[in-house]
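Peer 1: Below is a structure I'd like to ask you about.
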Amino acid sequence: MADMSPRTDTSTDDTDDNHMLEPGQLALAAASDSDRSKDKHEDQKTLRRLAQNREAARKSRLRKKAYVQQLENSRLKLTQLEQELQRARQQGIFISSSVDQTHSMSGNGALAFDMEYARWLEEHNRQINELRSAVNAHAGDNELRGVVDKIMSHYEEIFKQKGNAAKADVFHVLSGMWKTPAERCFLWLGGFRPSELLKLLSTQLEPLTEQQLSGIANLQQSSQQAEDALSQGMEALQQSLAETLAGSLGSSGSTGNVANYMGQMAMAMGKLGTLENFLRQADNLRQQTLQQMQRILTTRQSARALLVISDYSSRLRALSSLWLARPKE
């Protein structure tokens, strides 16, 4: 029995030593688990960021693709419209005689004028390209003068077309619905402001002689005065029209009041009839400004001026196309 005690004690000591090592091992295991959990959390954050970046890149590609598709659709629509206009011209919708044209405007109104303007603009662009080629080729003054005169005559044609269109629908012509949205922002009484056009040209045609600068300044001043007079006339017409329509508002529907109402409408209609006159005067001012500008400038300067005017209008139309085709977000 005595011999058994040491072995029993030794066994007990070994067991105690094993128990003393277990807390350290547990701590190491806990630390290892914590590191693994932390690494796993960091990996998840990284994966989430990568997923978010991929999603943002995907959405960016989709937006870019949609924008490109909208531009392509706009180009296709423009091509389709040009083809429809070409077919319409081949079918004889555009009438050459002024009497028949006026009758056509009465029947087709705004649509007929819009199609006429598209045809005019197509021919105008062709003539501008011809002028640009002549300028770049350093053509002589005689050749340039022939192209410049042709473009000036073409401007007279659109003024005549606007006059005919106004007889059918003066509101359509005045509002500029036949123009692109960006062009309408700068519209004045159905067209460009002569004074603003001269201001643009004076900075684009340098160098100019003192006599030319003086001539353009005087022309700009007289154009501005004429514009102010027409604008004031339009304001007076609007005020008078508003007062006429506001008369006896809210009155009962008796026979006398009905007759009064009809009388007011007749007066208002008569006043609206003067809108056509305002448009005609504004177009006359525009036409005279172009003619005076041609007299002040040399042939080569006149050619450059027509190119500047055309390029400015083209940029406004391009801006409208880009604006309408932008992503709608």
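Using N, Cα and C of the backbone, Cβ positions are placed for all residues, glycine too.
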Peer 1: Which one of these stretches, 71-85, 116-130, 206-220, 251-265, shows up in Swiss-Prot as region 'Leucine-zipper'?
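Peer 2: It is 71-85 that Swiss-Prot describes as region 'Leucine-zipper'.
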Peer 1: Between the candidate ranges 45-65, 276-296, where does Swiss-Prot place the region 'Basic motif' annotation?
Peer 2: 45-65
